[in-house]
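Visitor: There's a structure below that I have some questions on.
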Amino acid sequence: MLDLKQIRENPEEVQKRLDSRGGSYDIAPILQLNQQQKALELERSSLQGRGNEIGKLVGQKVKSGSDANSPEILVLKTEGNEIKSKLAQLEPQEKAIKAAIDQKILDLPNLPSETTPIGKDERENVEVRRWGEEYKPTNPNILPHWEIGEKLGILDFERAVKIAQSRFVNLIALGAALERALINFMLDRHIVAGYTEVLPPILINSDSLRGTGQLPKFAEESFKCRDDELWLAPTAEVPVTNLYRDEILSSEQLPIKHCAYTPCFRREAGSYGKDTRGLIRLHQFNKVEMVKIVHPDASAQEHESLVANAEAILQALQLPYRVIELCSGDLGFSAAKCYDLEVWLPSANTYREISSCSNFRDFQARRANIRFKEKGQKGTNFVHTLNGSGLAIGRTMAAILENYQQPDGTVKVPEVLQPYLKREVIC
């Protein structure tokens, strides 16, 4: 959620940075409503001042011996009653304008950071670095992960359609074991890196989704329970960040670092026809998430370390990847700055996103009202929030099934996963 004060005091800069996203965002209605709000506040202040003045005059006159029912005092009392009536009429007007302003601000995305590249769409994203070129497989006949998975009997898409619908999968035997091994491996690595594990609810309320920015704009992307005001979590970012909603932390508590495994649920309403096969785009998938609640002064540094934590997982698995910095036109709604990690999928001869590491600055904190207090100082400030996939489990499995695929149709198990799977080969 953007700061109304920032919109009011720097309207041209705010509009310019919103325009760099490429959408249609207009702050003029907010400024107009704010002017009306200020006018009502001024009117209320004036009426309250006059009301206080009348009260003092009546008190003074009665104290000096005037009859409480004298014409002069009755005139003052009548005026006082009229003021009370006007103030009562102002209250709903002020509430309505405040609600309208809040709603319009809720509909605005975050401002791209000063260092985010300006661009229209993903074609103008900036490649930062690559890693693991030497690990790219040389086998020219690599099967797509869904084909090798079905041949090995570890991925079953057909029966998943029977049970649910398309974009679901059954993980069978070593497929289920590999999924579980990846989850445990990632959590173990993040815990060693200083994250505290959380296992949160995956049914979440609307306030939680508003807090992290999924509502109101992306309601159609989420699954909602029919009879309850609850939603299936699209990512662990939502429940974990909202652990601290409406709380005031001490600066000594920061940074707070959590990792969490959850199933994630997404309708993928805008992706019809994309990635219709395989594990890349499912309605239900598992993910390990990293979430940070940090001091604003440490925000940029914590973002870089978050990316490094995600990269460390890919490096340990020896999966080739590249780091992409998203341009302003490709940023997610809540992000001020974002790096995507893209893993190499040899069957498609391309890199595909496996982690998105975002710095939201105070955008989510304002929506979720997460603040902190500096020791010895008055008042509070909003924290900065960050999150990153560490990693998406299904996409990691897809990358392993392709990059570790052998000419004989087996798949080697990455060395770091062998203690979890108790085997060296999937066959």
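Glycine is treated like the rest: Cβ placed from N, Cα and C.
Just so it is clear, the model here is predicted, and its values are computed rather than measured.
As listed in Swiss-Prot for this protein:
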type	residues	note
COMPBIAS	1-20	compositional bias 'Basic and acidic residues'
REGION	1-21	region 'Disordered'
BINDING	Thr235, Ala236, Glu237, Glu289, Ser389	L-serine binding site
BINDING	Arg266, Arg267, Glu268, Glu353, Ile354, Ser355, Ser356	ATP binding site
Visitor: Checking the binding-site residues Arg266, Arg267, Glu268, which are within 10 Å of Ser389 (L-serine binding site) at the Cα level?
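Guide: If one measures from the Cα of Ser389 (L-serine binding site), no binding-site residues come within 10 Å, so the answer is none.
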Visitor: Whole-number Å only: compute the distance from the Cα of Arg267 (ATP binding site) to the Cα of Thr235 (L-serine binding site).
Guide: 12
Visitor: List the other residues in this chain whose Cβ sits within 8 Å of the Cβ centroid of the L-serine site residues Thr235, Ala236, Glu237, Glu289, Ser389, in sequence order.
Guide: Val238, Val240, Ala260, Thr262, Cys264, Lys287, Val288, Met290, Val291, Asn387, Gly388
Visitor: Out of the binding-site residues listed (Arg266, Glu268, Glu353, Ser355, Ser356), which are within 10 Å of Thr235 (L-serine binding site), Cα to Cα?
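Guide: Final answer, ordered: Arg266.
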Visitor: Rounded to the nearest Å, what's the C-alpha distance separating Arg266 (ATP binding site) and Glu289 (L-serine binding site)? Just drop the number here, would you?
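Guide: Pair distance, Cα basis, whole Å: 16 Å.
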Visitor: If H, G and I count as helix, E and B as strand, and all else as coil, what does DSSP give for Ser389 (L-serine binding site)?
Guide: strand
Visitor: Using C-alpha positions only, work out which of the binding-site residues Ala236, Glu237, Glu289 is nearest to Ile354 (ATP binding site).
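Guide: Closest candidate to Ile354 (ATP binding site), judged by Cα separation, is Glu289.
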